[in-house]
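Peer 1: I have a structure here, written as structure tokens, and I will follow up with some questions on it.
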Amino acid sequence: MNPIIIRTLLVGILTSFLCALIGVFVVIRKMSFFAHAVSHASLAGVALAYLTNTNPFIGAIGVGLLTGLGVSYFVEKSQLFSDTIIGILLPFSMSVGLILVSFVKGYKPDLMSYLFGDILSTSKFDVILILVISIPILVLALFLMRRFILIAIDSDFARIRGYNVIAIDYIFMAVLSLIVLISTKIVGIILVSALVVIPPATALNISKNMRETFIYSVVFGVAGSVLGILASYVFNLPTGPAIVFVISMIFLISLMFKKS
């Protein structure tokens, strides 16, 4: 098989697995627009990286991570709900990103790939960087899984149990932000929230308990990414939209089997 496709499938499987796993918490906590805020903020990081002649992927991760942690900080300090904070940070980050993009001279193909996704152009450096980021994230997420679940369901009870809810929430936001940012290489800034939201939403349609929700979410996310990547290769389709189309179709099919 073409080494580019092998590399693409590796990145696609890994990132879709992480998105589907962490996405369950996103859906339960009603934070679906968080991925929009972080991914759109990363546009400013990409543009800033071009202006400073650094790797755009690193720039995206830096600015996006700050935005994700900023959501937790402002929620804690202002006592506003997270959706309100996201509603403020999303247009602000987009405006900063578009202003910085206006200073980027000439056509930058990587800039377009961050907007619409181009996993087929993933370099060896990108693969290594994604692996370096993803493996510790996965280990950390699995280690804190029970705490994440408890806080997502009932944060007040978690406080009574003695958990440092604020610290764990910062860790969760950092993990979620990094997962969203590495996923922009697959579907782009515009469509990245689909990888985080659709597989868990599909799983919730048919699962009977939390364990099944996680399993189904990962299965649907990974299967959708693999089928989308293969379809894009065989039929010469844009990869990001192909993946989103497949996982969206899986969601529509799941409605037929929705639990009562």
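In case you wondered, yes, glycine gets a Cβ from its N, Cα and C as well.
Because TrEMBL annotations are produced automatically, they should be read as predictions rather than curated entries.
Marked as transmembrane segment by TrEMBL: 6-28, 33-51, 57-75, 87-107, 127-150, 162-180, 186-206, 213-234, 240-257.
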Peer 1: If we skip the immediate neighbours and take only residues 6+ beyond the ends of the transmembrane segment (87-107), which ones have a Cβ under 8 Å from one of its Cβ atoms?
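Peer 2: Beyond its ends, the transmembrane segment (87-107) has Cβ neighbours at 33, 36-37, 40-44, 46-48, 50-51, 63, 67, 70-71, 74.
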Peer 1: Go through 127-150, 162-180, 186-206, 213-234, 240-257 and flag the stretch with the largest number of C-beta pairs under 8 Å relative to the transmembrane segment (33-51).
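Peer 2: Stretch with maximum Cβ contacts: 186-206.
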